[in-house]
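What TrEMBL annotates here:
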{"type": "SIGNAL", "residues": "B:1-20", "note": "signal peptide"}
{"type": "TRANSMEM", "residues": "B:30-48", "note": "transmembrane segment"}
{"type": "TRANSMEM", "residues": "B:60-85", "note": "transmembrane segment"}
{"type": "TRANSMEM", "residues": "B:105-121", "note": "transmembrane segment"}
{"type": "DOMAIN", "residues": "B:122-434", "note": "domain 'NADH:quinone oxidoreductase/Mrp antiporter transmembrane'"}
{"type": "TRANSMEM", "residues": "B:159-180", "note": "transmembrane segment"}
{"type": "TRANSMEM", "residues": "B:201-218", "note": "transmembrane segment"}
{"type": "TRANSMEM", "residues": "B:238-257", "note": "transmembrane segment"}
{"type": "TRANSMEM", "residues": "B:278-297", "note": "transmembrane segment"}
{"type": "TRANSMEM", "residues": "B:303-323", "note": "transmembrane segment"}
{"type": "TRANSMEM", "residues": "B:330-355", "note": "transmembrane segment"}
{"type": "TRANSMEM", "residues": "B:384-406", "note": "transmembrane segment"}
{"type": "TRANSMEM", "residues": "B:418-439", "note": "transmembrane segment"}
{"type": "TRANSMEM", "residues": "B:465-482", "note": "transmembrane segment"}
Amino acid sequence: MPNKVVETPFPLIDADPHASRVIRYMRPSDYAVWAGATAAAPTALYLWDKWDPSKLKIRSQLRLGGLLGFVGGFLLAYQRSSFRFWGWTENKREEEKDFAELSDRARRGLPLYGESDQPEWIQGVAYRNSAFSQLKFHIFPMFNLVNHPHHGTDPEKYKPKDEPTSTSTSS
Amino acid sequence: MIFLSILILIVAIALPSVNQNIRTILYVRISSIIFIYAGALAFNAFYIQSIGSGIGIYSGLFQVTVISQLLDTFIFLIGGLILISWPSYSSKINVIDRLPNVREYSLIVLFSSLGASLLVSSADLISMYLSIELQSFGVYILSTLYRDSESATSAGLKYFLLGSLSSCFILLGSGIVYTYSGLTQLESIYNLISVSENIQILQGITFGIVLIIVGYLFKISAAPLHNWAPDVYDDSPTIVTIWLTIMPKISILIFLLEIQSQIGNSLLTIFSLSLKNLLLISSLLSLLIGTIVGLSQSKIKRLLAYSTISHIGFILLALAINTEQSIDSFLFYIVQYSLTNLNTFLILIALGYVLKNNSQTILESFQDIKYINELKGLFFNHPILSLSLTICLFSMAGVPPLLGFFSKQFVLYSAMQSEYYFIGIIAILVSVISASYYLKIIKVLHSENKEVIEDSNDNSPLSSLHSFMISTLTLFIIFFILKPSILLNSTQLLALSLFYY
C-alpha cells in the first residue's frame, strides 16, 4: 500500500501514533467530550422514556446506555486527539509536547517511537492496518498498539543539534 | 462503534441478569442511540481538504472518501430514525406483547448497517463481497422477523434464495475480473484498464464488471431484475419493509457510483459504453415497469415497491450519464428518496397502530395496513397523518414545490443537458403516469367512508417521538424550497470531489 501524502492545514506530528500517545496527549476538551458523550446516552434514553413511557424498568437499559456512551465518547476523544497528531486540526500544544518528549528520548539514545520485538515486516503490517483507521471508528476500532517506525516525519529534527547524527531513531 | 456495540449487545443478551431486565423495545432504543453515536463519529471525521481523493485504510481493503464519510453519517441517521417507529406502549392492548419477542432485532440491524457502511468504503473485490453479504444476511433475517407469520417466512425465503442468486453473479463477476487481471484491488484494476491495450484483458474485465453490476442491480430491485421486490416488501411486516426499501439501496448505489465514476472514465470508450448502456437499459425498464405495473396494484406496499422501482430508474439514469451535474442529482435523489420513503413508511406504520389497535381480538401478529382501501376516509378521522401522507405522495409524484420535484427536475435537467432526449422524455411521461397511482391513494384517503371508524387516539401506541419525526420530515419536504442551499451545496460538493480530486 503506497503511503498517502495528505495535505494538512497544520504540521504533521505523527501519521500513525501509538494508542498510548494518543491517550496521553488528550486535551481537557477531549475529556470533556468523552464525559459528555458518556452522560449523553443514558440521558437521551431517560428523556426518551419520559417522553414516550415504556412503563418498563429502565435501570439496566440506562447502565447499558452509559457503557455504550462511554465507548462512543472514548472513540470520539481518540479521534480528536489523533486528528491533532495528523495535523488536521490545530495542534500547537501537541507539537511542542511531541518535540520535547521525542527530543528527550533522542538525547537519551532511546528509540524515538519505542522498541518492538516484532520483525520489521510485522511492524509494517501493523502500520498498514492501523494507519488512518480512526476515520472509520464509527464502524471498527483499530488502534495502533505496535511501536513501529512508520510515522511520516523526519526523525532528524528531534536529534540534538550539537551532536553527530548517529543516534538510533527507531526500533 | 458499531462493531463494539454489537459485541456489547451480544454479551448483554447472553447474560440472563441483564437480558431479563431489558425488553425488546429498550434494546431497539439503545440501537437507535448507537446509530446516532456512529453518525457523529463519521461526521467528526469529515475533513474535505485532508481526505481529498480518498485514503486507503486496513491495508487498502477499504477506502475513506468524502462521499463515504458523509453517506455513512446519512445511513446511520436514517437507521436511527427508522428504529423510532417501534411502538412504545398501549394502555388497552400492549402492542409490545404482540410483537415478536426478538431481542436480536437490534443486533441484526447493527450487523446489516455494519455491512452497508463497509460496502460504501470497499476498495477490494474481497472486502466488497464480504460487505455485501454481511449487509444482505441481516436483511434476509429481518424479513423473517415474524417467524409465526407464513407470509413473512415465505418472503424471507424468497429474498434469501433470490439474493443468493444475485450474490452468485457478484462472485462470478469478481472471479472473472481476477482471472483476467490477477488483481482484486479496485484501484489497481482501474489503473490496469486505463493503461492496458490488450483487448482480451479489457473484454474479460468488462464482462466481469458487467456481471458484478447485474448482481447489484438485482439487489436494488432494478428492472428487469425486480420481480422479487414487490412480493418481499408486501409480505414482510412494514416495520421491516421500511428498512428493506431504504438502507441496502443507499450503500449499493454509492458503491455503484464508485465503480461507474472510476471505470467509466478509465475504460476504452467501447467498453465504457457497455457499462453505460447496461445502466441506461435498466433505468428505462425500471421507469416503465415501475410505473405501468404499479397502476394495477391494490395493495399499498406492492404499490410502493413499484414506486421504488420507478425511483431507481431515475437514480440509475443520473448514474449512467456520469457528469458532474448528473452525479449531483444522483446524490440529491438518493437523499430525497430516503427521506420521503422514510416518512411515508413511518406514516404507514403509524396508521397501522392507530387503525388496527382497536381490534379487541387477539392477533397472531401485529397488523399492518395492507390494502389501499383500508385507508378510505382516513382524512376525517386522522387529518394530520392523512395530510402528511398526502404531502409525501405528492412529493414522490414530483409535484412542485415539494422536495421530490427538485430531485426529478435535476435528473431530467442533467439528462437533457447531456443530450439523452429519448430517455428524458420517457422519464417525464412515466413521472406523469405514476402521479395517477399516487393520486389514487390520495383520493381514497379523502373520500368519505360510510363505515364509522372508532377513534383510537386514547390507546394509540403511536409514540410522541414517532409523531414528531413524521411532522419534522413532512415540514422538511414542504419547506425545503425556502432554504435549499445546505442540501444542494452538500451534494454538489460531493459530486465535485469525485471529479476534481
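Every residue, even glycine, has its Cβ placed from backbone N, Cα and C.
Listed by sequence, the residues of this chain that lie at least six past the ends of the signal peptide (B:1-20) yet keep a Cβ under 8 A from its Cβ atoms are 27, 30-31, 34, 37-38, 41, 103-104, 106-107, 110-111, 113-114, 117.
With pairs at least 6 apart in sequence, the transmembrane segment (B:159-180) and the transmembrane segment (B:303-323) have fewer than 3 Cβ pairs within the 8 Å limit; the two do not touch. When the stretches B:30-48, B:60-85, B:238-257, B:278-297 are ranked by Cβ pairs under 8 Å to the transmembrane segment (B:330-355), first place goes to B:238-257.
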